[in-house]
Amino acid sequence: MALLELGVAARFCRPANLPDRASPCNPRLGNEPAGATKRTQLSTTKLTRRVTIPELAARKGGQPIVVLTAYTAPIARLLDPHVDALLIGDSVGMVLHGMDDTLGVTLDMMVLHTQAVKRGSTRAAIIADLPFGTYQSSPQQAFDASAKLLAAGAQAVKLEGGRTMAATISFLVERGIPVMGHIGLTPQSLHTMGGFRVQGRDEAAAEKIIDDARAITEAGAFSVVIEGVMEPLARRITETIAIPTIGIGASADCDGQVLVTDDILGLTGDATPRFVQRYADLAATIDEAARKFADDVRARRFPGKAHIFFPKAAQ
Ligand SMILES: Nc1nc(=O)c2c([nH]1)NC[C@@H]1CN(c3ccc(C(=O)N[C@@H](CCC(=O)O)C(=O)O)cc3)CN21
Ligand SMILES: CC(C)C(=O)C(=O)O
Ligand SMILES: [Mg+2]
């Protein structure tokens, strides 16, 4: 079993056409001596196996939980060594498919992106968003949609809503589907909020969000995303409920943080929310690469000798 898992990890980590770099999946894998003992193999397997949902739940009040979104296999492969969980967010509709909001994202899209992220990762936990219209009408509807995401490789689903969704959350959890909640700024409720607006500004609105957090916890969710709320509210919820809170535009005191990967990489331009910290400027990198390629083609500098094929006699 241990060896089988290692074999699978190695296959996903090192595509045959790439050099054997130290890090793609787990930096520790690259440091193993060739003749590793059985004990070393077992401990390495332990380091490279996937993070479980109960392990994430147990991180309440402990080391911060790191979550980033991923929608594709190559990005999942790059993020996998660094994060505790990869979220296949319904933000994929806006970030990759050019939609104005998340309402048009379908379950089929989420299944395809979940499969891709699963294939590209070996150790991060995999959590997938239930898209709009696939879980709100009944617990049964939510179960059917969640089952498809779990079959696609997710270990848990995330759904938006507070007390209103509590019965659905307990229905799923009782049937073996771990659920992450999502409260505060819930993008699928864009039209009732009147836009992507920060929530819980007045005391009454804050009390309602605290009640939502309590209801989700009692329903059995293993964790909850708190998005776009006033900092003291996010801190108070984190202190109040027994499950880890994952903040986005919330509080540094949350039990973890999540951001949209394309936002931190500088790929989302004007659409980037204020709560994002940018860690790279890939838009500029891509702009420069495309410009250089276009220049080379127009000047007939590309393709060069190394990129084209000649018959033997002509060499
Ligand atoms: N690229 C991207 N990043 C995200 O974080 C994200 C998505 N897309 N799509 C799905 C939701 C939508 N989200 C958003 C989108 C915009 C704002 C936004 O513009 N907020 C205003 C604050 C509005 C107010 O004042 O209340 C801002 O200035 O950041 C917030 C969250 C978060 N999610
Ligand atoms: C921003 C996170 C929490 C999300 O729900 C998404 O990416 O869809
Ligand atoms: Mg989402």
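Here, residue 1 is simply the first one shown, and the rest follow in order.
For all residues, glycine too, the Cβ spot is worked out from N, Cα and C.
Listed in TrEMBL for this protein:
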- Glu227: active site, proton acceptor (ACT_SITE)
- Asp90, Asp129, Glu160: Mg(2+) binding site (BINDING)
- Asp90, Ser91, Asp129, Lys158: 3-methyl-2-oxobutanoate binding site (BINDING)
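In terms of Cα distance, the recorded positions that sit within 10 Å of Ser91 (3-methyl-2-oxobutanoate binding site) are Asp129, chosen from Asp129, Glu160, Glu227. Taking the Cα atom of each, Asp129 (Mg(2+) binding site) and Lys158 (3-methyl-2-oxobutanoate binding site) are about 5 angstrom apart. Set side by side, the recorded positions Asp90, Glu160, Glu227 differ in how many other CB atoms lie within 10 angstroms of their CB, and the most is found at Asp90. According to DSSP, Ser91 (3-methyl-2-oxobutanoate binding site) sits in a coil region rather than a helix or strand.
Annotation note: Glu160 (Mg(2+) binding site) sits in a coil segment as assigned by DSSP. Taking Lys158, Glu160, Glu227 as the candidate recorded positions, the subset whose CB lies under 6 angstroms from any atom of ligand 3 is empty. Listed in chain order, the extra residues whose Cβ falls within 8 Å of the Cβ center of the 3-methyl-2-oxobutanoate site residues Asp90, Ser91, Asp129, Lys158 are Thr69, Leu87, Ile88, Gly89, Val92, Thr102, Val105, Met110, Ala128, Leu130, Pro131, His182.
Taking the Cβ of Asp129 (Mg(2+) binding site) as centre and 10 Å as the limit, one finds 31 other Cβ atoms among all the protein chains shown.
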